[in-house]
Amino acid sequence: MQVNAREILIGGYTPSSTLVDAGWVALRVVAGLFMAFGHGLDKVPPQEPFIGMVGDMGFPAPALFAWLAGLVEFFGGLLLAAGALTRVSAFSILVTMLAAGFIAHAGDPFADKELALLFAAVMLPFMAAGAGRWSGDSFLRERY
């Protein structure tokens, strides 16, 4: 199959499904592990300063919401990386990151909320398309 620059630049070219699957896995694993270990690990269990910050944001039962944020970021990230319960974990991370971006960092400059909003945006394709062919979800779907 001959591929020309026009097809690559403006459409008509679809890379092999193996290449697409590999890219999907790379994005899912990197995003999931960065979420789990870069954001969630330090919040489980939540420390008093984080619980206080959650309370200052106006959330009722700040200890509960601090636990939920930490659990979603850590275990949701691990589930995303494994491609297990992907749509549920991606939705949970999306909601948590939107809260971080628009509530926790509401008065901050864009640079301070950018990472949370980027994580939120990365969750959208996983919510729409699932984990992909090389995932825990696919493994379970094929067997049960």
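Backbone N, Cα and C atoms are what each Cβ position is placed from, and that goes for glycine too.
Sequence-distant neighbours of the transmembrane segment (22-41) (same chain, 6+ residues past either end, Cβ-Cβ under 8 Å): 70-83, 86, 89, 93, 119, 122-123, 126, 131-135. Residues or ranges marked as transmembrane segment in TrEMBL: 22-41 (among others).
The annotation transmembrane segment is assigned in TrEMBL to 53-72 (among others). Long-range contacts of the transmembrane segment (53-72) within the same chain, counting only residues at least 6 positions beyond its ends with a Cβ under 8 Å from a Cβ of the stretch, are 40, 43-46, 89, 92-93, 95-96, 99-100, 103-104.
As annotated by TrEMBL, transmembrane segment applies to 78-103 (among others).
TrEMBL lists 115-134 (among others) with the feature transmembrane segment.
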